[in-house]
């Protein structure tokens, strides 16, 4: 029984973000569709070859996507919302982009589909839309074309397909309500057709992803798996693939399925591999997800070997990444600025492929010398002074309940804030960032490369901040922001100014579509050596009589959008960050900044996948925010911002944050999210986002007014703010001006009644 290895997927954006650049060039009309498609082909060929050279036996095909893999699946099934369809009924790459962005180089603009997080990761997908009586047919053959490409290149191919039950689980019903699970029998023939096409191509194994099987699913959904897979069996071998959690709670459902193998995440799940082996059918292949696909740390391969060795030779076995390597940067070897000690602690996607090759070879030969050599830096890290800071650990241990309590309740604070700011009804503001123009990015890049001295850099940033203030005053906004010209990324910027973080040059991972982020890496105890945002906030406030918000990224979001340490709990990291940012709140307040926004867009996405684990997470997540904010005086108004969220199941925790104002993403869901706040009788102020910043479409005054009137039916108007869904960093100035002018006009119209 020779053990093979494989990955569940590979990063698709390219080491230098080639995919992002090609997409954005195409969207802007600067390149042709064929040029875009060529970049995709080149990236796929390169990535297959890189994995093969690193020692991977079975290459994933179908993990590439032009926007996200759920949207690719929607097109595969012919599930295109009517508003995005071509007049002739055909489907092309612009159809896909219209669903994702609301517009494309061809076709009529229409509201983009809703976007949300992929399970508990920082990757997003476009939510499939389902209507009653919907028909499905094989429409978009990208998967088959890519399999043909890989076969022509001589690769050992393992196609990757999102499973039918998970696909339905991830979607939403539009219009007349019905049970979307009832569509299962309608989509299965398309899956059968795809599997038949793969069988024709001589494919032996298909990786069929059903990550919903790690959730606490309703019984009806669990019951749907057996008939679904009964319908899919027989054409190729199916590797039922799960990740992000363990499968033991749903193992009875899984073992009844007519599949030939099971992939389990042995990093994030608590499954005991020997017990799994005992319970799985003896003729099934077990794919052991031993290498963390979601982090950047070098694996302790001696530990991984010990974890799996007891079942070697007892069944067919593959070793694999825990999940797709999509969530990891591509290649550590191109990082030239990390010092040697720290660099030795990491492994990116290609290094993880090498780890899988080392592990496979050791399991097949019994020789573990190479594993011990690879794992040596991990032992050194455990004792490094780069990791441990006694002062931070002492301060954390000294936290009391008082440290997470504002001096007075919201009603008392609100009165003090009204007296201080004297804002009109329907106060207008933005979420924080303004367009990151080419000039701003060039300025930052020149400074980073040493082509610009500090004085000229600061002068340039100051001018962009001044322009942002002038623009906002001209538009008539009530509460201003400084625009964040100095920030490349809302998490990276803070990480760069906090001890305990390191950064990469090319550690890009995809967030959604063409958006890539370069997450900081938490390597040690976190502290703040000096004020971070105070100077620019104070400067911006000096330019205007209107209040300017101080802008902080909250502790849970910094944690969730970084690669965390694995040697301490997430709670410990979050509270260390909270203490560091607590000092920043105090310094902003002392500098005369009266409104401070602490963004926590990641609070909900950090939830464990199983509801039974939620309470513990929410308890420390809320406490971290409150530790951060509670130092503020009564007349300092604390805002928070959240996006892409379903709030109804965590409203207690949202209220427990005790922010004076919460701004939320609501426009894509047509204010649906406000139902949660209405039903809960949320006591503080709310700014429901009135337009979708992820789309370049400019909303009309009438559209915004209608949304605000809808909001006022749920939340008393005196507690409503008017703002976009999210920051405006990715938009251009012309559409930003137009959209904000309409937003301000809508607010003024409502004030006049």
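In case you wondered, yes, glycine gets a Cβ from its N, Cα and C as well.
Per Swiss-Prot, the candidate among 176, 463, 471, 605 that belongs to the 5-methyltetrahydropteroyltri-L-glutamate site alongside 17, 18, 19, 20, 117, 515, 516, 561 is 605. Binding of L-homocysteine is annotated in Swiss-Prot for 431, 432, 433, 484; the matching candidate from 310, 316, 599 at the same site is 599. Between the C-alpha atoms of residue 694 (active site, proton donor) and residue 726 (Zn(2+) binding site), the distance comes to 8 Å. Neighbours of residue 433 (L-methionine binding site) among the binding-site residues 17, 605, 665, 726, defined as a Cα within 10 Å of its Cα, are 726. Residue 431 (L-methionine binding site) falls within neither a helix nor a strand when secondary structure is assigned with DSSP, and so counts as coil. Summary of the L-methionine site environment: with the site residues 431, 432, 433, 484, 599 set aside, the chain residues having Cβ atoms within 8 Å of the Cβ mean position are 430, 481, 490, 551, 597, 641, 726, 727, 729.
The subset of binding-site residues (431, 432, 484, 643) lying with their Cα within 10 Å of the Cα of residue 19 (5-methyltetrahydropteroyltri-L-glutamate binding site) is empty, i.e. none. In the three-state DSSP assignment, the secondary structure recorded for residue 665 (Zn(2+) binding site) is coil. Site extent for 5-methyltetrahydropteroyltri-L-glutamate: the farthest pair of Cα atoms among 17, 18, 19, 20, 117, 515, 516, 561, 605 sits 28 Å apart.
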